Amino acid sequence: MKVQIVCLLLGLLSAVDLDFYQKHVIENMQPDECTTVMQTRHIKGLFGGCKKVNTFLLGAHQKVQDICAGISGQKIVNFNVVVCKHDDSSLHPNCIYAGQTLGLEIVVIRCKDGVPVHLDKTVQIG
């Protein structure tokens, strides 16, 4: 029974981990790739429709892992980001996004038990 509970908890933690990385972390992308990336990663809004805005942290996988290692709470770090905004004239499942490279931003990431769980906000530097 204990083994089953541990396996369940590890599965839930890895699902949360993958969810954050799936939604917000990418090695490299251009703003004109927003529609393709949002569709291939199956990123949807709260009720399954088109997500209004999504922020991608560029080249950040290891950095995010290191930031959250062993902590719970918010961490403030700098990342280069691309923001994808939904074109309101498009409807699910054919969501269209316009992207913008914002460059270096202050990013607030919420970590829980060493795992990134939410990108709380981004703030422009300078």
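Cβ atoms here come from the backbone N, Cα and C positions, even for glycine.
Listed in TrEMBL:
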{"type": "SIGNAL", "residues": "1-15", "note": "signal peptide"}
{"type": "DOMAIN", "residues": "17-123", "note": "domain 'Ribonuclease A-domain'"}
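For the domain 'Ribonuclease A-domain' (17-123), the mean pLDDT of the prediction comes to 93. Across the domain 'Ribonuclease A-domain' (17-123), the DSSP tally of helix, strand and coil residues reads 26 helix, 47 strand, 34 coil.
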